[in-house]
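Novice: Found this in TrEMBL, in case it helps:
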type	residues	note
TRANSMEM	96-118	transmembrane segment
TRANSMEM	139-163	transmembrane segment
TRANSMEM	169-189	transmembrane segment
TRANSMEM	201-218	transmembrane segment
TRANSMEM	290-311	transmembrane segment
TRANSMEM	332-350	transmembrane segment
TRANSMEM	356-374	transmembrane segment
TRANSMEM	381-399	transmembrane segment
TRANSMEM	411-432	transmembrane segment
TRANSMEM	444-464	transmembrane segment
TRANSMEM	476-498	transmembrane segment
Amino acid sequence: MPPREESEESERPLLSRAHDSEEDILDETAYDSSEKVVIVGIEDGDGGDWSRAPPFSWKKLWLFTGPGFLMSIAFLDPGNLEGDLQAGAIAGYSLLWLLLWATAMGLLVQLLAARLGVATGRHLAELCRDEYPKWARMVLWVMAELALIGADIQEVIGSAIAIKILSNGVLPLWSGVIITAFDCFIFLFLENYGVRKLEAVFAFLIATMAISFAWMFGEAKPSGVELLLGILIPKLSSKTIKQAVGVVGCIIMPHNVFLHSALVQSREIDHSKKGRVQEALNYYSIESTVALILSFIINLFVTTVFAKGFYGTEQANNIGLVNAGQYLQEKYGGGFFPILYIWGIGLLAAGQSSTITGTYAGQFIMGGFLNLRLKKWIRALITRSCAIVPTMIVALVFDTSEDTLDVMNEWLNVLQSIQIPFALIPLLCLVSKEQIMGTFKIGPVLKVVAWLVAALVIIINGYLLVDFFSSEVNGLLIGFFICTFTAAYVAFIIYLVFRAVNFYPWLPFLPSKRLSNTGS
């Protein structure tokens with residue numbers, strides 16, 4: 001009967017419908033079939049109850065483990081480490097509770113991104129290409145690329161600072177940038193050996209960060225009681241509001257939302273069987289949670305080391321990524337292995353891992369929005385060049401001045417804060433749609449919680465923007481430009497929100513074809 005067929009069609013995940021035409025088969029995909037990891041038991045025959053997920057298996061959990069840890073690297077990039085050290089130096093242990101809850105909010109967003117990728121078989125950039133009219137998706141693509149470039153500059157600069165530390169200042173910042181630029185070719189080399197080999201390299205880099213910062217934690221010996229009180233008892237004062245906003249603001253990385261929705265497709269999943277999709281969601285939820293718990297512990301180590309050493313001191317307001325190693329060396333001395341070099345090793349691991357994942361994310365974003373079927377080395381070269389060229393300029397201009405480097409870092413934080421709504425709102429819109437998610441759309445309670453988290457993150461970052469522009473921007477002409485940009489910016493956010501809640505009758509300028517395709 002026709003009604004029954006229509007109902008079954010609406011409940012099918014998008015991937016099973018995406019292959020109905022030859023044109024869709026030729027679309028850009030995150031991974032080719034030959035690149036995907038085959039999960040044990042994925043081809044057990046046609047018997048059994050496929051409406052439910054199979055029993056838990058440690059072996060399958062191991063095979064699904066990987067994408068969540070690559071995603072967690074964005075929570076450990078040099079920008080986050082700088083936020084951690086400044087929060088510890090200025091606010092002491094008082095913001096540890098906020099770090100915990102900010103990580104929990106980040107986990108919720110990343111689980112929704114994984115849910116979208118698993119249920120549909122397509123990543124966020126690809127779905128945005130189909131969901132929005134051309135003008136809107138081009139704006140979203142430009143915003144995503146700008147966010148990625150901003151994050152990449154911070155990550156490359158972080159790596160360059162670490163190289164300068166480890167070379168005893170022999171290698172200047174610009175040479176560290178050049179060395180870091182070649183990591184995209186390392187990435188391409190590793191990718192040829194398979195997804196699991198690449199994930200193993202990232203696991204090694206995360207382990208390097210964990211060991212380095214745990215060593216620093218052991219050297220500093222922070223107060224266990226104050227640490228627990230900082231996690232359990234919320235405290236916030238007018239003096240630490242800027243650091244609090246920074247802790248929350250740097251957790252949600254726009255490019256990371258796009259990245260995670262693509263990474264989860266590295267496993268072979270039979271989308272025609274509901275139980276197999278649910279199984280993948282369960283395992284990805286476990287491994288992502290474990291990965292972000294580890295990232296929280298590493299961030300905790302950094303925050304508490306600087307809280308113990310510099311909270312309440314004259315140096316607290318002057319510490320940044322550039323001079324943090326030197327301050328640590330002066331405070332804690334040499335020891336068996338100088339803490340300056342321990343910090344440098346951890347920072348290098350953070351910078352290298354995050355720049356490689358940035359290259360990865362850039363490929364998915366460009367390929368998804370523009371449907372480009374380019375060879376991977378060409379896409380990697382394009383995405384890497386977009387970041388390296390401005391980073392080299394930054395390194396040459398700001399190499400001799402810590403203050404100007406800090407100012408540049410603040411501008412980059414603003415650039416990324418501006419982009420956050422353009423990843424969160426499309427994500428929440430898509431995971432709420434039955435036409436796209438089928439039976440895996442999020443329920444009303446989770447939808448309310450997700451929108452509240454998104455609203456909170458957007459408001460916090462909005463505060464960051466207002467505070468920054470009110471103190472940094474002067475002049476009538478610049479003020480006019482900022483006001484004009486703000487009006488267009490807010491208008492586009494309103495458009496995305498209205499589209500998400502399906503208030504289409506209020507928006508007559510939307511193409512009727514799009515309305516009929518995306519309306520509930």
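Each residue, glycine too, has its Cβ placed from N, Cα and C.
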Novice: Does the transmembrane segment (290-311) reach the transmembrane segment (96-118), going by 3 or more CB pairs under 8 Å (6 or more apart in sequence)?
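Specialist: They do touch: at least three Cβ pairs between the two stretches lie under 8 Å.
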Novice: Suppose I define contact as three or more CB-CB distances under 8 A, residues 6 or more apart in sequence; do the transmembrane segment (139-163) and the transmembrane segment (169-189) meet it?
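Specialist: Counting Cβ pairs under 8 Å (6 or more apart in sequence), the transmembrane segment (139-163) reaches the transmembrane segment (169-189), since there are 3 or more.
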Novice: Kindly say whether the transmembrane segment (411-432) and the transmembrane segment (381-399) touch, using the definition of 3 or more Cβ pairs under 8 Å where each pair is 6 or more positions apart.
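Specialist: As far as Cβ distances go (cut-off 8 Å, pairs 6 or more apart), the transmembrane segment (411-432) and the transmembrane segment (381-399) do not touch.
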Novice: Should the transmembrane segment (169-189) and the transmembrane segment (381-399) be scored as in contact, given a threshold of at least 3 Cβ pairs under 8 Å and pairs 6 or more apart?
Specialist: yes
Novice: At a C-beta cut-off of under 8 Å, are there same-chain residues at least 6 beyond the transmembrane segment (381-399) that contact it? List them, or none.
Specialist: 145, 148-149, 152-153, 156-157, 160, 172-174, 176-178, 181, 184, 358-359, 362-363, 366, 374, 405, 408
